[in-house]
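A.B. asks: Below: one structure in structure tokens.
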Amino acid sequence: MIVDDEPNAVNLLEVLIGQSTSWQLVTKCYHALEAIAFLKENAVDLIFLDINMPLLTGMELAGLLSSETAIVFTTAYSEHAAESYSFNTIDYLLKPITLKRFLTAVKKAETHFQSRMPVTGKEEKANEYFFVKSGTELRKIFLPEILFFESRKEYVRVVTRTFEVLTYRRLKDIEAQLSMPFARVHNSYIINISQMNKIQDNHIHIGDIQVPIGEKFRDGLMEVIRKKTF
């Protein structure tokens, strides 16, 4: 679903959605009241929602939506980014929207809905998300997208498939909130085991990145790996 009062923006999103085979556009609305009327009779999974609209803003509409409806905000202004993550927000796209940036948002949406599939035990935590405060920004990060965490003195570097952020946290505090497939492999690193490609020369390869294995963490890591080895 698209909600935007700018016809050109609606047309662009319609084209972009048409290039994504996993999503189907159910309707286009040019103001929030039209969207409310549609949503009274229909449920949608994902809304591409403009912020600055007459009568009712995108933020105000977001506050009325079902918690089951995910949102990708689309706007020409960056100042609403932190506030936008008060809702069930997948991403925050700045206009003009590029195909690359759109596809990143779609991938996040797919990860979000996959994470809602029934799981049990510790696996449930791996499908959740959390918010990271970095400077003035509050960013939602889905755990399956994370490659690794790296301690940098009083900060932690969070590296995902598409971006990275620095947050003022201790690595041990983050470790306490995680479970499999995350594992501490070094005093300075926690990795997502599901993202690793191989272990070679006492280093874990995650794409083009090499993460060292600390001696005191090696046995625990190899025990996890052995359980997955054929």
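Yeah, the Cβs are placed from backbone N, Cα and C, and that goes for glycine too.
Under the heading domain 'Response regulatory', TrEMBL lists 1-110. Per TrEMBL, domain 'HTH LytTR-type' is recorded for 130-193. Sequence annotations record features per position, and here TrEMBL assigns 4-aspartylphosphate to Asp50.
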A.B. asks: As a test of the contact definition, list every same-chain residue at least 6 positions from Asp50 (4-aspartylphosphate) whose Cβ is closer than 8 Å to its Cβ.
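C.D. replies: The list for Asp50 (4-aspartylphosphate) reads Val3, Asp4, Asp5, Glu6, Ala9, Gly58, Phe73, Thr74, Thr75, given in order along the sequence.
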A.B. asks: Across the domain 'Response regulatory' (1-110), what does the pLDDT come to on average, as a whole number?
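C.D. replies: Summarising the domain 'Response regulatory' (1-110) by its mean pLDDT gives 90.
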A.B. asks: Looking only at the domain 'HTH LytTR-type' (130-193), how are its residues distributed among DSSP helix, strand and coil?
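C.D. replies: The composition, in the requested order, is 9 helix, 37 strand, 18 coil.
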A.B. asks: Helix, strand or coil for the residue listed as '4-aspartylphosphate'? Use DSSP.
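C.D. replies: The residue in question, the residue listed as '4-aspartylphosphate', is strand (DSSP, three-state).
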